[in-house]
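Participant: Below are the features I grabbed from TrEMBL:
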- A:26-119: domain 'Fumarylacetoacetase N-terminal' (DOMAIN)
- A:126-391: domain 'Fumarylacetoacetase-like C-terminal' (DOMAIN)
- A:ASP127, A:GLU200, A:GLU202, A:ASP234: Ca(2+) binding site (BINDING)
- A:TYR129, A:ARG143, A:GLN241, A:THR347: substrate binding site (BINDING)
- A:HIS134: active site, proton acceptor (ACT_SITE)
2 protein chains.
Amino acid sequence: MAAAAASEHTPLDPLDLPEGHPFGPHNLPYGVFSRAGESPRVGVRLGDHVLDAGAVAESLGSPHGPLLARRTLNPLLAAGRSAWSDVRRAVTSWVTDPAHREAVRPHLHPLAAVTLHLPFEVADYVDFYASENHATNLGRLFRPDEAALKPNWKHLPVGYHGRAGTVVVSGTDVVRPSGQRKGPQDPAPVFGPSVRLDIETEVGYVVGVPSPQGTPVPLAAYRDHVFGLCLLNDWSARDIQNWETVPLGPHLGKSFATSISAWITPLEALDAARVPAPARTVPLLPYLDDSDAEPAGYDLRITVTLNGQVVSEPPFAGMYWTGAQMLAHMTVNGASLRTGDLYGSGTVSGAAENERGSLIEMTWNGQRPLELADGKRGFLEDGDVVTLTAWAPGPAGTRVHLGEVTGRITARL
Amino acid sequence: MAAAAASEHTPLDPLDLPEGHPFGPHNLPYGVFSRAGESPRVGVRLGDHVLDAGAVAESLGSPHGPLLARRTLNPLLAAGRSAWSDVRRAVTSWVTDPAHREAVRPHLHPLAAVTLHLPFEVADYVDFYASENHATNLGRLFRPDEAALKPNWKHLPVGYHGRAGTVVVSGTDVVRPSGQRKGPQDPAPVFGPSVRLDIETEVGYVVGVPSPQGTPVPLAAYRDHVFGLCLLNDWSARDIQNWETVPLGPHLGKSFATSISAWITPLEALDAARVPAPARTVPLLPYLDDSDAEPAGYDLRITVTLNGQVVSEPPFAGMYWTGAQMLAHMTVNGASLRTGDLYGSGTVSGAAENERGSLIEMTWNGQRPLELADGKRGFLEDGDVVTLTAWAPGPAGTRVHLGEVTGRITARL
């Protein structure tokens, strides 16, 4: 859990937000909040307030109470696409229809007065590797004598399972992990706190509707299963990862913490941000071929700040693989989905140097440190705070803001 | 869920089992069962019967009712080592003290009349690679021009996360997965049902007591966190795995299904089976150094049958890494544990040819097929049934049986 940052100014009236406010009624992301001494419950963000959605449902006699008066988003996630639309329509009317104003107002709480919690119980967590620029950069860094991309990369969205139990909500401190590392010059591995602690700027997909074991989920069913998106920082200890990773992939270099934003933006709020995937340079097998599918890319503009200073602005629109393809691939072997499954896009990196989503790329493995106001950074130091934010084009020229995922590095006690 | 195999003979009186019966009162593994039309509940196996432990607790006014009258083992798992001992002592007295005989008898149900369920809710699932013989065999098969073991293998227990949502109980059919594969001669990957479907004979460790994020669990705390062991078959599609696996490790080649036995054997039942780990050939870092620790290996004798024919007898005693080391490693970066975490040993293979735990080793990548009564097998065919069983030395010359994990391969509908 994480205390929301206190606003320094009086918050705007959430029922009278300026036209096009990025957390206006065209956005309405879901989260879980609590007030001091009370239980966590589902909330909807409106401006700098959170709407106690279950309380409003109850006071208005809405049939959606059982999905909203809950401690997590899981019941809403499980309810399915048509319920998601119905609830969104209801919440939109609660916050826009003047007839509801007096019933709604008592259930709006300033963000500064609530605690935000992990919004859903994470079932399985899978992390993909869907940015061609990122995979190419890492290939050049780690395997300079080979082709940057492995032969499978353009045929399937490469991914692996991560640790669901260490997914934490934005604002949670991240303890610097210790582990084994071994440089090429070391005769044996050494143990200690990671000295190459990094971020991975990602977008997370939150699965709502389960699927049975043995039955793949086709591309076209993406919006029937995925409820919405969040921001995700897949903290990575590069030194630990580098030594452990052959032959079964990353484990402890990643499993100590993964942070997600407190707000889950429903796919419906991102309709205006949908963009086609980029041109593919090799033919895709039918289960991944989206040339005739509806666009499943999203034009999200991400900003990465380190100690308040902007260090990168990765564009999500150019990702090689879409969330629909990742879902189709993840289930094509018959793997089932559960409510609360979370999958990450992998690090989002654009083609330009100021669009890279990890420090290892930004600093080229520490060789070209970032120059910050408080000194140089190859990798993260204790006390460093990393924050990812993003926005997307909304309807009629508005913006949809995706909130933030932030975390501070602390030394182990 | 899975129907228990019907006995062909009248079951023995569970309250009057022959001395040293492998499911006698020195064993008492836990599972979850249901009778027709009733809800699942915790059971304890005794001979060929299951004891409705919650019902007995209630009828005897035992304080352990709240841990036992449940739908899963999770509350018992979470209760901790001292509660595990107390409950085991109580159940032992219920099934051995003649004073309880009449209270207990109505709550014993023949296995043939119940359905067994997944005994606990799996939180995270991690799969290790702890057999030196197995890792060496796979290294020789896949990387014949390199050292069989990667440089990290003797310094840390290599492992990766698997899919928790597709862990199923023994008896559940396994649908043959489809996916991409690409042989060295293929110009591009092809899609279809796996043609190299394999087993991995493993032992699973079931975590009971959670640990906080940021705090490692030392070797010495192994028995405070791990409740017991199960048998585990990590079904593996070698062709899918081979093509997808670089650079992030196995994903769809494994994620379609992992089967575990219906019975969880508590560590306390395996005290007589504890054996020291084998001599290590390289020095271990302090957090893994078990030279002064209590023995954490187990002398389990596993049998693998394919369509009823014994094809291998892998010994668990010689595993290079112990469950205590895997736990210490898995958490040394601060990763938390949750009740229901499951970790597998990796394929158990002995040094001898008839002790290998996977078909890819037994048949040397299909080049030396098994000769079965119903034909040759390089890898699994539709309809094949694989069953793993195991026993361990118990107190005073008895045996402790670990039950079985079985599964049949079916074609996708």
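Cβ coordinates are placed from backbone N, Cα and C, and glycine is handled just like the others.
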Participant: Between A:HIS134 (active site, proton acceptor) and A:THR347 (substrate binding site), find the distance joining the two CA atoms and give it rounded to the nearest Å.
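Facilitator: Here the two Cα atoms are 6 Å apart.
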Participant: Which binding-site residues (A:ASP127, A:GLU200, A:GLU202, A:ASP234) fall within 10 Å of A:ARG143 (substrate binding site) by Cα distance?
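Facilitator: None, since no candidate lies within 10 Å.
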Participant: Just give me the nearest neighbour of A:ASP234 (Ca(2+) binding site) among the binding-site residues A:TYR129, A:GLN241, A:THR347, Cα to Cα.
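Facilitator: Nearest by Cα distance to A:ASP234 (Ca(2+) binding site): A:THR347.
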Participant: Among A:TYR129, A:GLN241, A:THR347, these being the binding-site residues, pick the one whose CA is nearest to that of A:GLU200 (Ca(2+) binding site).
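Facilitator: Ranked by Cα distance from A:GLU200 (Ca(2+) binding site), first place goes to A:THR347.
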Participant: Using Cβ atoms and a cut-off of under 8 Å, determine which of the recorded positions A:TYR129, A:HIS134, A:GLU200, A:ASP234, A:GLN241, A:THR347 neighbour chain B, and list them by sequence position, or give 'none'.
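Facilitator: Going by the Cβ criterion (under 8 Å to chain B), the qualifying recorded positions are A:TYR129.
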Participant: Neighbour count first, Cβ atoms within 10 Å, every protein chain included; then name which of A:ASP127, A:GLU200, A:GLU202, A:ASP234 tops the list of binding-site residues.
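Facilitator: That would be A:GLU202, with the most Cβ atoms nearby.
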Participant: Determine, to the nearest whole angstrom, how far the Cα atom of A:ASP127 (Ca(2+) binding site) is from the Cα atom of A:GLN241 (substrate binding site).
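Facilitator: Just about 15 Å between their Cα atoms.
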Participant: From the Cα of A:GLU202 (Ca(2+) binding site) across to the Cα of A:TYR129 (substrate binding site), what is the distance in angstrom?
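Facilitator: Each residue's Cα considered, A:TYR129 (substrate binding site) and A:GLU202 (Ca(2+) binding site) end up 10 Å apart.
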Participant: Give me the long-range Cβ neighbours of A:THR347 (substrate binding site): same chain, 6+ apart, Cβ under 8 Å, in sequence order.
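Facilitator: Within the chain, A:THR347 (substrate binding site) has Cβ neighbours under 8 Å at A:TYR129, A:SER131, A:HIS134, A:GLU200, A:THR201, A:GLU202, A:ASP234, A:GLY357, A:SER358, A:GLU361.
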Participant: Taking the Cβ of A:GLN241 (substrate binding site) as the reference point, list residues of the same chain whose Cβ is under 8 angstroms away and which are at least six residues distant in sequence.
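Facilitator: The answer is A:PRO250, A:LEU252, A:GLY253, A:LYS254.
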Participant: In the domain 'Fumarylacetoacetase N-terminal' (A:26-119), how many residues does DSSP put in helix, strand and coil?
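Facilitator: Residue counts for the domain 'Fumarylacetoacetase N-terminal' (A:26-119) by secondary structure: 47 helix, 23 strand, 24 coil.
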Participant: Excluding A:ASP127, A:GLU200, A:GLU202, A:ASP234 themselves, which residues in that chain have a Cβ inside 8 Å of the centre of the Cβ atoms defining the Ca(2+) site?
Facilitator: A:GLY162, A:THR201, A:LEU232, A:ASN233, A:SER236, A:LYS254, A:THR258, A:GLY344, A:SER345, A:GLY346, A:THR347
Participant: Across all protein chains in the structure, which of the recorded positions A:TYR129, A:HIS134, A:ARG143 has the highest Cβ count within 10 Å?
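Facilitator: By the 10 Å Cβ neighbour count, A:HIS134 comes out on top.
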Participant: Averaged across the domain 'Fumarylacetoacetase N-terminal' (A:26-119), what pLDDT does the model get? Just tell me the whole number, please.
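Facilitator: Here the mean pLDDT over the domain 'Fumarylacetoacetase N-terminal' (A:26-119) amounts to 98.
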Participant: So the record assigns A:TYR129, A:ARG143, A:GLN241, A:THR347 to substrate. If I measure every Cα pair among those residues, what is the longest distance in angstrom, as a whole number?
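Facilitator: That value is 18 Å for the farthest Cα pair.
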